[in-house]
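Taken from TrEMBL as is:
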- Arg11, Arg57, Glu71: substrate binding site (BINDING)
- Arg11, Glu30, Glu78, Lys96, Asp97: ATP binding site (BINDING)
- Glu30, Glu78: divalent metal cation binding site (BINDING)
- 33-52: transmembrane segment (TRANSMEM)
- Glu71: active site, proton acceptor (ACT_SITE)
- 98-126: transmembrane segment (TRANSMEM)
Amino acid sequence: MTTPRHGRRRREVDSFRWAARGVRAALVREPHLRFHAAATVVVAVLAALVPLTPAERAALGLAVGLVWVAELVNTAVERLVDLVSPGFDPVAGQVKDIAAGAVLVAAVVAAGVGATVLGPALAGWVRSAVG
Ligand SMILES: Nc1ncnc2c1ncn2[C@@H]1O[C@H](COP(=O)(O)OP(=O)(O)OP(=O)(O)O)[C@@H](O)[C@H]1O
């Protein structure tokens, strides 16, 4: 028997599946996203190796997540623009440029957070490993 509660849970599971399918589709389509996936693994490994405070780990996680969100939204915008405006249109071009600008801003912020948090920690880790 399907109760209203079961129905709601089923819809939540379906929504999660569709969202995961969206991430997979973007990963297949976008080389940039695959680069971010590789960068995420590198950052996760580095963050596991060097001593960091919980706040520093949170900052790194937020920075990585920001880039993923920006890249996924940018991919969705590109797809939508291609759908509604397959021909050349200056506004369509501007929409894509602005969405790409969001990725650029997120990537610059993430690079800054990564250098600030991981730079000194990695330098200290290398010094203690060498000396
Ligand atoms: N329909 C269009 N009309 C006008 N200019 C466009 C249009 N589509 C793309 N452009 C311009 O070309 C640039 C690159 O577009 P493109 O669709 O190749 O984006 P991309 O970020 O390289 O996407 P992809 O990851 O699919 O290669 C856009 O940022 C925009 O300036």
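Using the three backbone atoms N, Cα and C, a Cβ is placed for every residue, glycine included.
A map of TrEMBL features onto the structure.
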residue: Arg11; record: substrate binding site; DSSP class: helix
residue: Glu30; record: ATP binding site; DSSP class: coil
residue: Arg57; record: substrate binding site; DSSP class: helix
residue: Glu71; record: substrate binding site; DSSP class: helix
residue: Glu78; record: ATP binding site; DSSP class: helix
residue: Lys96; record: ATP binding site; DSSP class: helix
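Listed binding-site residues: Arg11, Glu71, Glu78, Lys96. Those with a CB atom under 6 Å from ligand 1: Glu78, Lys96. The shortest Cα-Cα distance from Glu30 (ATP binding site) to any of the binding-site residues (Arg11, Arg57, Glu71) is found for Glu71. Between the C-alpha atoms of Arg11 (substrate binding site) and Asp97 (ATP binding site), the distance comes to 35 Å. With respect to Cβ neighbours within 10 Å, the binding-site residues Glu30, Glu71, Glu78, Asp97 differ, and Asp97 shows the lowest count. Sequence-distant contacts (6 or more apart, same chain, Cβ under 8 Å) of Arg57 (substrate binding site) comprise Ala47. A Cα-Cα distance of 10 Å separates Glu78 (ATP binding site) from Glu71 (substrate binding site).
Shown are the binding-site residues Arg11, Lys96; of these, the residue with the fewest other Cβ atoms within 10 Å is Arg11.
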